[in-house]
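Structure first, then comments.
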């Protein structure tokens, strides 16, 4: 591995001026302003909930936004993952030697609280770039060059980023897996026993409906980096596009489809987001009527009617449970969305929940196409 990722610093978004992403993250999801910067046509605002940090780059300028790269993309998007590394300069040289494109070579930024060095590397996942950040000893609340923003404590619905899911073009997952392994030290994380890394977890949606391939990757032991999930469509759909294909079409290529945000109390968080005006995908109508589902929900210590009312999915086995709920898209282009996830001992991703998400997004997509 050339540049092992040690920690996820933040996820960056690029949106046009006036797009409400930053406002909605605060109003609907309980994120609080952390630091800001306005210069050269850019308004950069970092927002935080627990250890989860989103950097919203709004507008456009003649230069590049600090700690990132302007993708000049046609639609709003999550465009950058920023990782802490031990030595940004050395990491950049090693990645360049592997053939990686480095559109922003190492830059050192300093303010009264200390200094940081960063470089930006292109990835094979469409417009998604990766920032390699070295900030040991920096004392400020975010990064050099940003002005701290005072804010009241948030509701604490989200404590950290649990996983990141990339929507990929068909057949590209093995290439992406090797790239993240060779460049950042990620390794294959099986989602099912005996899983072939080249094939991942394959799930069919039924005759004429295609299916989904998921490949999970985890960073090296001891790092504080979310799981990375690669999602691609399987051939076989003969009717409408599935949600991965729709993402690729509407996003104009592969990219970050959703971020899973860990919550210590998914019932409370979902209720709070819904009360604030956030919208969630409705699970398939028969989800809560599956044989044994009510018993499983009660075994996890929850009330079936509460989960059903809020659209929370639950999967588990041998006393370990996984609860998930998915928002509608945060962009009018119907691309990027968020997931709230609570783990009660479970470390993977419930296949039952994955199938239910697939079906619920398909149903939502069908309604959108018919509207």
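Just so it is clear, glycine is given a Cβ too, placed from its N, Cα and C backbone atoms.
As the structure is a computational prediction, the values presented were derived from the model and not from experiment.
Copied over from Swiss-Prot, here are the features:
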DOMAIN    7-135  domain 'VOC 1'
DOMAIN    160-328  domain 'VOC 2'
BINDING   163, 258, 339  Fe cation binding site
Neighbour tally for residue 163 (Fe cation binding site), based on other Cβ positions within 10 Å of its Cβ: 19
Residues within 8 Å of the 163, 258, 339 Cβ centre (excluding the Fe cation site residues themselves): 162, 164, 165, 229, 257, 259, 260, 261, 326, 338, 341
DSSP helix/strand/coil residue counts for the domain 'VOC 1' (7-135): 19 helix, 64 strand, 46 coil
PLDDT averaged over the residues of the domain 'VOC 1' (7-135): 96
Those binding-site residues listed as 258, 339, and which of them has the most Cβ atoms within 10 Å of its own Cβ: 258
